[in-house]
Amino acid sequence: AALREGYEHFDPRAYLRNNYLPPRADFSSEEFVVPWKLRCLAETFASGEIRGRTLIDVGSGPTIYQLLSACDHFEEIVATDYLAVNREELGRWARGEPGAFDWSPFIQHVCKIEGRGEPWQDKERRLRQRLRRILPIDVHRPEPLGAPLRPPADALLSAFCLEAVSPDRAAFVRALAHVGNLLRPGGHAVLLGALGESFYLAGPARLPVVPLQESDVREALAAAGFALRELRSYAMPPALRTGVDDVDGVFFAHAQK
């Protein structure tokens, strides 16, 4: 209940300013956090192993960067978020409306690191075409979408969601198991999340986060029925500790149900 109340004050534009504009979204060096996240995603999806009909993005927030490398490997992408304001922000970008957040620097960077010489506008167009649905979700329900996904997703992706909406580690594990219900057996899960974070700011909202260590991520995945394939971590440098959160680092995990 306290989490729901806090998220009533969530400001998507403030969240985007805090995390997806400079200094955090600085593409001049691979040492910065956003290029690191994009490279993890690009390298993992470049293997071609994670592919299929449907990818579900759990707790998309107001962001699409996490889908840029994934969109080449799925016929349909389903974005989800608990908050209507985030679903509206995603819809504005998907429809190409004036005033939507400008993701073009992210798309250009992903095209550069993928190295296929593709015009970035082609990738933008493809993601918009494949982002078919933007649905409400509640990861604390055994059926997070209110009903089973038919057919189940071939892969799920979730970035900075589950640890930010769970009051404790046990709830984090349960939420991970719940979103796993959306996935077919053998399906892949790709996760990005915060390490050592207890809060973040999004305008007037100060949201609590479950502080996780790498060992917590490993244990939670195992408890939720996933086999860990890869786990990477990034230490947040002092220059990127801007006061909008107290994050120590970021984890990237690839696991299989």
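Indices start at 1 and increase along the chain as displayed.
Just so it is clear, glycine is given a Cβ too, placed from its N, Cα and C backbone atoms.
All TrEMBL annotations are machine predictions without curation.
Quick look at what TrEMBL annotates:
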BINDING   TYR15, TYR20, GLY59, SER60, TYR65, ASP81, ASN86, ASP138, VAL139  S-adenosyl-L-methionine binding site
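Sequence features annotated in TrEMBL and their locations in the structure.
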residue : record                               : Cβ neighbours (10 Å)
TYR15   : S-adenosyl-L-methionine binding site : 23
GLY59   : S-adenosyl-L-methionine binding site : 24
TYR65   : S-adenosyl-L-methionine binding site : 19
ASN86   : S-adenosyl-L-methionine binding site : 23
VAL139  : S-adenosyl-L-methionine binding site : 24
(message) Max CA to CA distance in Å over the S-adenosyl-L-methionine-binding set TYR15, TYR20, GLY59, SER60, TYR65, ASP81, ASN86, ASP138, VAL139?
(response) 25
